[in-house]
Amino acid sequence: MRDRKTGRIIWYLFSAVLIKWGVEIAVATFALSCGLRSNMGIGAVSSIITIPMIAWIYRKDQGRYEKQQESWWKYKAASRYGMWLVMLVGAVTACVAMNDIVMLMNMQRISQIYQSTEQIIYSAPRWLQLAGAGILAPVAEELVYRGMIYRRMRESLTAVQAGVFVSILFGVGHGNLPQGLYAMVLGLLLACIYEKFRNIAAPILFHIVVNITSLLLSWYGGFEWILGTEGKAVGITVLATLITVIIYVKIKNIRQEIR
């Protein structure tokens, strides 16, 4: 009996990520059997399939929370459009700061998996990079990790406990040390944003802006320019980090009101 209860809890908390992984395996298997080897294309198709499936479960959860007048659901951010704009500025500075730190520490050179992942992303056509890594992946990941796992964990855990756990899971899911640490820090920011805005659109938009900023800086030599001299690299990284921290504090202090 206890095993059944444990199994139900595990499925309730992690079914979304298991569905996501299952879709990815199925799409990759089918694509390879057809001789298709575009990893970015496989990822994009997986996201296209995953998004409506998880969105349907997410909407059912939202309906249940509303019907039960569940305590977390009852509140929303009192801030208006200005705070959303501040949040998106924070996405740009967070992207610059986190990528600069990874590159300044030469973390990308210690992971062959990271180098292979970079090659997979940037060898695809730019429109596919933008659609797959820039838009579809963030939507799918936010629905799964913040919209489902974090949200369900908040039924019994504090914001810090749920945020840390989901961020670690999010980082481990990226499969290599540089991206894993990057994703953990990003995951903590995204959990805070979702917690304060109480709107899944907020972490989705933040994540999209982070990824698209990274793509644009990579395409047009932005990171090479930043890292051109050590002084410039350190200065820009410190400034971007400082702005990100200030914006994080502002988001943490967002007032909430009853829906």
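Note: Cβ is positioned from N, Cα and C throughout, glycine not excepted.
Unlike curated entries, TrEMBL annotations are predicted automatically.
Residues or ranges marked as transmembrane segment by TrEMBL: 9-32, 38-58, 84-107, 127-145, 157-174, 180-197, 204-221, 233-251. According to TrEMBL, the feature domain 'CAAX prenyl protease 2/Lysostaphin resistance protein A-like' maps to 127-212.
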(message) Three or more CB pairs closer than 8 Å, sequence separation of 6 or more: does that hold for the transmembrane segment (38-58) against the transmembrane segment (127-145)?
(response) yes
(message) Under 8 Å for C-beta pairs, could you tell me which stretch among 9-32, 157-174, 204-221, 233-251 has the largest tally with the transmembrane segment (84-107)?
(response) 233-251
(request) Find the average pLDDT over the domain 'CAAX prenyl protease 2/Lysostaphin resistance protein A-like' (127-212) in the predicted model and report it. (result) 95
(message) Please report, as numbers and ranges, the same-chain residues at least 6 past the borders of the transmembrane segment (9-32) whose CB is under 8 Å from any CB of it.
(response) 38, 41-43, 45-46, 49-50, 53-54, 57, 140, 143-145, 147-149, 152-153, 169, 173
